[in-house]
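So the structure is just underneath, and the comments pick up after that.
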Amino acid sequence: MSGKNEVSFDPKEHQHLRYNPLRDTWVLVSAHRMKRPWAGQVEKPPEEHIPRYDPRNPLCPGNTRANGEVNSDYDSTFVFENDFPALQPDAPDPGSDQHPLFQSKAARGACKVMCFHPWSDITLPLMEKHEVVKVIDKWVGLVEELGTTYPWVQIFENKGAMMGCSNPHPHCQVWASNFLPNEPALSDRCQRAYYQKHGEPMLLQYARQEAEKKERVVVESSDWLAVVPYWATWPYQTLLLPRRHVLRINDLTTEEREGLADIMKRLLTKYDNLFEISFPYSMGWHGAPTGPHLKEDNSHWQLHAHYYPPLLRSATVKKFMVGYEMLAQEQRDLTPEQAAEKLRNLPEEHYKSRHNQEKGRGNEKEDGGK
């Protein structure tokens, strides 16, 4: 028998669990916690006055890096071997005679750094669309090159000092490994199980459902969809998906690459406009495994990109993954629907462009009044 004062469920007010089918895990959603006062750590705002060229910056064109190598005088994208690689192609094998509690395996690979642009004072949302297309084309080339040998090629970008980026110059990294890392291995298992049960790629079906519901869509186009996923952990986390079935980034058509450049600029502009700063995040691409897996049936896979931004309340207050998150399970402080609505309603004109236009109009008024 139900009580007279039974309260109906409101996801914005009542804690609940949400299932992440990509990781076979659950996240605790506790949106009411946003009401609590904040007396914790406040981050330093990101540096806005970055010189276009710095002779001491090892990523700028023509400059010398730590290992003595000199960068080319590049005017577009620029790729070089990481001077401090986490993976090298010739590491020795630890051997197989091991106790089950003390196991190790050989880890080999290649690590590359890719500069997006010759200027240090620019980011992807402020680059021209044709310049972003060149970045995507270079990603495609690296996956094709490294993917002929290595089972996994991880493209990732850490943007902002808050995410551990040690250099403000616009760049990403590409690590190729002779093993399938934990996250893609888990994603592979979950997508495969879903495909076997439902006969359709999980994320292809998910994109269609989200496009119909609209409540978590941030930006969309005829070929692409960016949403705050139903199971998001980070406050303003997004998932970028192609609308058709695509296994790997090098399977994209020319039109889809151009569409990707456009939707990336739109999404990242909204990120920057949220708190009117250069928005920090970690992002990365996940697609079907490569190397020996190229000969296998990977129909269960769908290409996608994850964006994980740490900011929660403002430009200086971030979400900390500690305590309960580390010892029990992931927890978030606002619903994905609330986050998507905030991002969706932001303008697609970058705040810096708007400020420059306002400054220009102000100067015109001053000149006219003289």
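Start at 1 and count along the chain as shown; that gives each residue its number.
Cβ atoms here come from the backbone N, Cα and C positions, even for glycine.
Since we're looking at a predicted model, the values are computed, not measured.
Feature annotations, courtesy of TrEMBL:
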DOMAIN    9-181  domain 'Galactose-1-phosphate uridyl transferase N-terminal'
BINDING   33-36, A66, 82-83, N158, 164-166, Q173, 319-320, 324-325, Q331  UDP-alpha-D-glucose binding site
ACT_SITE  H171  active site, tele-UMP-histidine intermediate
DOMAIN    189-354  domain 'Galactose-1-phosphate uridyl transferase C-terminal'
REGION    332-370  region 'Disordered'
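Rounded to a whole number, the distance between the Cα atoms of D83 (UDP-alpha-D-glucose binding site) and the residue listed as 'active site, tele-UMP-histidine intermediate' is 14 Å. Each of the binding-site residues D83, E325 was scored by the number of other CB atoms within 10 Å of its CB, and the largest score is that of E325.
Around the Cβ of the residue listed as 'active site, tele-UMP-histidine intermediate', the number of neighbouring Cβ atoms within 10 Å comes to 20. In sequence order, N158, K159, P280 are the residues near C165 (UDP-alpha-D-glucose binding site), counting only same-chain partners six or more apart with C-beta under 8 A.
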